Amino acid sequence: MKLAVIAGDGIGPEVIGEALRVLDAVVPGVEKTEYDLGARLYHRTGEVLPDSVLDELKGHDAILLGAIGDPSMPSGVLERGLLLRIRFELDHHINLRPGRLYPGVQSPLAGNPEIDFVVVREGTEGPYTGNGGAIRVGTPHEIATEVSVNTAYGVRRVVQDAFKRAQQRRKHLTLVHKNNVLTNAGSLWWRTVQAVAAEYPEVEVAYQHVDAATIHMVTDPGRFDVIVTDNLFGDIITDLAAAVCGGIGLAASGNIDATLTNPSMFEPVHGSAPDIAGQGIADPTAAIMSVSLLLAHMAEIDAAARVDKAVAEHLATRGDEKLSTTQVGDRILGKL
């Protein structure tokens, strides 16, 4: 396996260091190439993602990312110039966000309900394509638009991926949208779900408006198995999912090209946390969980299961104990 490693900014290098220790323990011999992308490169060269580096990334099997973001950076420069550019250039049309409440982790929801679902979010369309603009900026007559782009091709491949995952899980899929108001895009999504559902007769299909889904994710999260949704709604509900599962510090994600044409990228959802960077107190659990997603994507199923099991056992016994970054890595390594 050829792995590109982007440690990034803030606590990124610290959490990725522990994630790589776990990766090496379960799959020895992974060929790694480290790339210094983020605020340091920008301040040094004025570049965010050089074309030559992007070409090199394409030659790897997968990418592991730490965190991107620094208060010294202009807003949006790294997000659009690095993260979104990688997503679009490498066709990461699937954003995969598991939502699982592990034993031993405290949910803000009463009774610590059983939660185990996955959100399949469309990653390259919607209002994130940059299709829009503004006129008469700064005047009382300013007009700003953000156009949400939904293509039959783009929607279908995400829906197909979601059905495949539902078939392998508890055989239940929920489309989350707002088709009573967003009638054009909503109709395309619902018709696509109905068409693909015919190929998966064992999978039960449900629909929820996005506002209703946010309520049910809090009041009855156990009803969800696989959620499929568009880019914007997915961006919102996945953070809510992380919150009910114990916090964004335990949230892993995958940005996936399901065709395997390009390397997929895996990362913890948390930010770069510059306020605690370098102190050795950042929790690397989400980065290690991202390694499990990476291994599963690369068909290293046994290794992925070992990492997931080790994380689960660590969380089940950790309690409120304050551990350093390295101590968390040591504990999880000890559970392998």
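A Cβ is built for glycine as well, from the same backbone N, Cα and C atoms used for every other residue.
Keep in mind that what you see is a predicted model, and the values were worked out from it rather than measured.
In this structure, ASP211 (substrate binding site) is part of a helix by DSSP. Every protein chain shown contributes to the tally, and the Cβ of ASP211 (substrate binding site) ends up with 10 other Cβ atoms within 10 Å. Summarising the annotation, Swiss-Prot assigns substrate binding site to ARG87, ARG97, ARG121, ASP211.
TYR128 (site 'Important for catalysis'): 20 other CB atoms within 10 A of its CB, across all protein chains. Under the heading site 'Important for catalysis', Swiss-Prot lists TYR128 (among others).
Its Cβ placed at the centre, LYS178 (site 'Important for catalysis') has 20 other Cβ atoms within 10 Å. DSSP assigns LYS178 (site 'Important for catalysis') to coil in the three-state reduction, outside any helix or strand. The site 'Important for catalysis' annotation in Swiss-Prot covers LYS178 (among others).
ASP239 (Mg(2+) binding site) falls within a helix when secondary structure is assigned with DSSP. ASP239 (Mg(2+) binding site) is surrounded by 13 other CB atoms, counting those within 10 A of its CB over all protein chains shown. According to Swiss-Prot, the Mg(2+) binding site annotation covers ASP211, ASP235, ASP239.
According to DSSP, ALA277 (NAD(+) binding site) is assigned to coil rather than to any helix or strand. The annotation NAD(+) binding site is assigned in Swiss-Prot to GLY271, SER272, ALA273, PRO274, ASP275, ILE276, ALA277, GLY278, GLN279, GLY280, ILE281, ALA282, ASP283 on the grounds of sequence analysis.
Nearest Cα neighbour of ASP239 (Mg(2+) binding site) among the listed binding-site residues (ARG87, ARG121, ILE281): ARG121.
By the criterion of other Cβ atoms within 10 Å of the residue's own Cβ, the least surrounded of the binding-site residues ALA273, ILE281 is ILE281. Comparing the binding-site residues ARG97, GLN279 by how many other C-beta atoms lie within 10 angstroms of each C-beta, the top residue is ARG97.
Ranked by CA distance from ILE281 (NAD(+) binding site), the recorded positions ARG87, ARG121, TYR128, ASP235 have ASP235 at the top as the closest. Sequence-distant neighbours of ARG87 (substrate binding site) (same chain, 6+ apart, CB under 8 A from its CB) are GLY123, THR124, ASN255, MET265.
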